Structure formats: C-alpha cells, structure tokens
Amino acid sequence: MINKGILRQFLAATAGSLSIMNVGIILGWTSPIMEELLGPDSPIPMSVDETSWFVSVIDWGLILGSLPFGVLADRWGRKPSLQIIGPMALATWVALLYVDTFQGLLAVRFAQGLLAAGAYTVLPVYAGEIAGPKIRGALGTMFQIMMYVGILYVYAAGMFLDYRHLTYAAMAGPVVFCALFATIPESPHFYVMKNRLADAKRALVWLRGDDTGSSVDDEMDSVVECICKEMRNASFTELFTDWVSLKALIIVQGLSVFRVMAGVTALISYASITFAEMHVAVDANKLSLVFACSVLFSALPSTVLADRVGRRPLMIVSCASCFAFDTAIFAYFYVDRCTGYDVTEYGWLCVLAVGGLSVAHTLGLGSLLSTINCELFPSNTRSIANAVNTITLTVASFLALKIYPVLADDGGMYRNYLISSVFSLTSIISCCLWLPETKGKTFAAIQAQLRKTDDLV
C-alpha cells in the first residue's frame, strides 16, 4: 500500500507544478498561431522580423523577473509567490483577447515572461522543501514533465483552434492551478525561517501523512537546527562570498549551460527545419509532434530512477549519451553536406538519433537540474540562487536559439551538432570531477557533506 505521506507530497508537487505547465502553455502558444498571424487575415498583422520579437520578448521578462521573485519567495513565502502567478496569467490571456496592436501584444508577452520567471524561480525551491529526502528527486522531475504537458496541450489544441479560441483554451491552465494549489500547505522550511514553528509543524504533519505528528518530531528538529545555523549568516552576498555556496553556484550554472547546449533546447524550437534536412518521406511537422511526445514520455523514467540510481550516475549517463547522439547527428549532416556521399537511405538513422538525444537529455540534464539546484544551497540563499540560475538558462537559451538557424544556413546544420558534441563531452568531465551525490540526504546532510569535502580540499 502506498504511503499516505508520499501521495500527499506528490499531490502538492503536482499542484505546484501546474504553475510551470502554464509556462509551457505560454511558450507553446506562439507556434500554432504563427501561420495565422503572418497570413492576410491576421488579427494582429506583423512581419516576419516582428514575429522574432513576438517570440523572444518573453526572455526579457524571464531575465528581469527572476531576482524579484527570488526576493519575494524569501519574504512573502514560496506558496504566495506561486499563487499570484495563476490570476495574473489568467489576466494576460484575457488581455490578449482585446489587444489589437503589435505593441500591446509585446507588452502582454513581456508580462507573461515575468510570470514565467516566477515559476522557474520559486517552484523548484517549493518542490524541494516539501519533499522527503527519499523522494525529492522524483518530485523534482515534475517540473520538466509538467512543462512538456503544457507545451503538448497547446500544440494539440492549436491543430483545431484559431488565435482567439486557442487563447480561450489557454485559460484552462491558470484556472486549474488556482483551484488545486489553494488547498496545498506552505513550505515548512519557510515557516521555520520566519520562526512560525507551529505552522511549520502542521505543514510537515500534513505532508508526511502523520495526523498525530508523532513521527515528524525528529525531522522537525533537524529542519529547525539546520535553518537556524544557516540563518545566522543570512544575506544575499553569502552566495558569492562563501566559498562552498560559490562553488555550488558555479556547478549549477555549468549544468545549466550544458543543458541548453546539448542541443535539445534548439531542437524543440527548430524541429521542423532540422527534420526537413534528414531526407525522410514524412512531413516535418508530424515528425516534430512525435519528437515533442518523445521528450515528454522520456521524462517519466527519471521520476523513478532519480531516487534509486542517484543524481550523479544519471547525469553522467545522460551527458555521455548526449555526446554519442550529438556526434552521430553531426556525422550524418557533415557527410551529407561536405563529402558528397549519398546518405538519403540513412535518414531514419538520423531521426532515431534525434529521438535518442531527447531521451538521453531528459533522463538527466533536462529533469534533474531543478532538483540539484535546490539541494546544493542552504535555505537563506536557495531562492536567490535559483533566480540566478533562471537568468543563466534564459541567456544561454536565447543565444542558442539565435545562433542555431544562422549556423544551419546553407547546409551548415552539422556545425550546430559539432558545438553540442563539444559541450556534451565537457559536461561528462565536469560531472565526473565536481558533481556531488545527494540522493536520499537531508538538506543538513548535504551542506555538511559539501563543507566537509571543501575542508579536505
């Protein structure tokens, strides 16, 4: 029989992850309506150049909103900082029904970028703090899974709906999130940070499924001791002045860059033009939909494996597999464009390599980063560290998406995967040398491990 506490923790993580599902809807909404926006009957006429701003302006919201949401999460709480995303997201979709100028559209998309920054920044912290040590890895993977659910939802709806009706459909995400997340408790760690110990105890009792509270006393004492120790030097600058925190920050920022540069981030956005160069007799858009499904379903095994195999082995296997598949894709495009050899009959091998790349990436780099980011930092710098990480991911993604079509122009697709291969190889070395194992450990034990290792160095 499944433990009641585990069910409640999965319920809380799923309800919170609906905020990131809304981000997936926000990100994916542009793709199905792009053809309509560029057509003669466009509700908001725009040029091809303007569509790039329409898509990318959300990145500026992500960059500018990350640090403010990190501060809010430490002052107001994890739950309130996530809750405000729901009604505000709903308001942006309503606004899109009445906006009739390109400038107004950009303003709404920028506001949606700010909300996306909140989910990116706060959700990993909340999910990590409510989880027990034995299932923290599994709950952390909900972040990536629900992101893909949101993207697939709006892709599927977009096959049948126009601009206006797809916008109505997008409103379902915020409504469901507001309804479900309202019943979920705040993070016990935040309550302890604010010295609200009775509230912390009640939240922990609910999350662990112990209605009497008798079995959570030891965990409560451990949380209080750990946070009291961390809060003695609580400040934003500790993230950069404390060597252990700075080392953790460097590790996580490196993983963020590796995650983006492994190639899947650009593939999600440019799947159609990539598949079009593979010489297969299947419509590129259909292959793109299959690719998106493979990315979603390949995230499911990591939910089970993260707390059984461990973070470090999964990350190493993920990086090594990404290197192998990136190299195979690079070889296909290089031979096709630079040697004159006919590779038409091998196009399906390249398609399979892309599928393998999506599975390998999601197994570790795609699904475990938010968990690792939450685990390596103490309570007093966790939210700010996650905000910094969101900025790094956004900037790296922006650059990767900008250079991908430029390098692919005029038959140079192989250049993208040569770069991805180099980054994947570097990620293997980095994970082997510097990434610690955190499976099944409390936050206090992880900090003790990091500081002990640092003292030995």
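Just so you know, glycine gets a Cβ as well, placed from its N, Cα and C.
Quick caveat, the model's predicted, so the values are computed rather than measured.
Listed features, source TrEMBL:
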- 8-439: domain 'Major facilitator superfamily (MFS) profile' (DOMAIN)
- 52-73: transmembrane segment (TRANSMEM)
- 80-99: transmembrane segment (TRANSMEM)
- 105-126: transmembrane segment (TRANSMEM)
- 138-160: transmembrane segment (TRANSMEM)
- 166-184: transmembrane segment (TRANSMEM)
- 257-275: transmembrane segment (TRANSMEM)
- 287-306: transmembrane segment (TRANSMEM)
- 313-334: transmembrane segment (TRANSMEM)
- 346-372: transmembrane segment (TRANSMEM)
- 384-405: transmembrane segment (TRANSMEM)
- 417-435: transmembrane segment (TRANSMEM)
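Take the transmembrane segment (166-184) and the stretches 80-99, 105-126, 257-275, 346-372, 417-435: counting Cβ pairs under 8 Å, 80-99 has the most. Packing against the transmembrane segment (346-372) from elsewhere in the chain are residues 123-124, 127-128, 136-137, 139-141, 143-145, 252, 255-256, 258-259, 262-264, 267, 274-275, 278-280, 287, 291, 294-295, 298-299, 301-303, 305-306, 311, 314-319, 321-322, 324-326, 328-329, 332-333, 427, 435, 438: each is 6 or more residues past its ends and has a CB under 8 Å from a CB in it.
With a cut-off of 8 Å on Cβ pairs spaced 6 or more residues apart, the transmembrane segment (417-435) and the transmembrane segment (52-73) reach fewer than 3 such pairs and are scored as not touching.
The transmembrane segment (257-275) is in contact with the transmembrane segment (313-334), judged by 3+ CB-CB distances under 8 Å for residue pairs 6 or more apart in sequence.
Contact between the transmembrane segment (105-126) and the transmembrane segment (287-306) is not supported: fewer than 3 Cβ pairs lie under 8 Å, counting only residues 6 or more apart in sequence. Taken as a whole, the domain 'Major facilitator superfamily (MFS) profile' (8-439) shows an average pLDDT of 87 in this prediction.
Cβ atoms under 8 Å from those of the transmembrane segment (384-405) belong to residues 56, 59, 62-63, 66-67, 69-71, 74, 117, 120-122, 124-125, 236, 239, 245, 248-249, 252-253, 256-257, 259-261, 265-266, 269-270, 273, 373-374, 376-377, 416 of the same chain, restricted to positions at least 6 beyond its ends. Residues of the same chain lying 6 or more positions beyond the ends of the transmembrane segment (287-306) and with a Cβ under 8 Å from any Cβ of it are 137-138, 140-142, 144-145, 148-149, 151-152, 155, 264, 267-268, 271-272, 275, 280, 314, 351, 354-355, 358-359, 362-364, 366-368, 371, 439.
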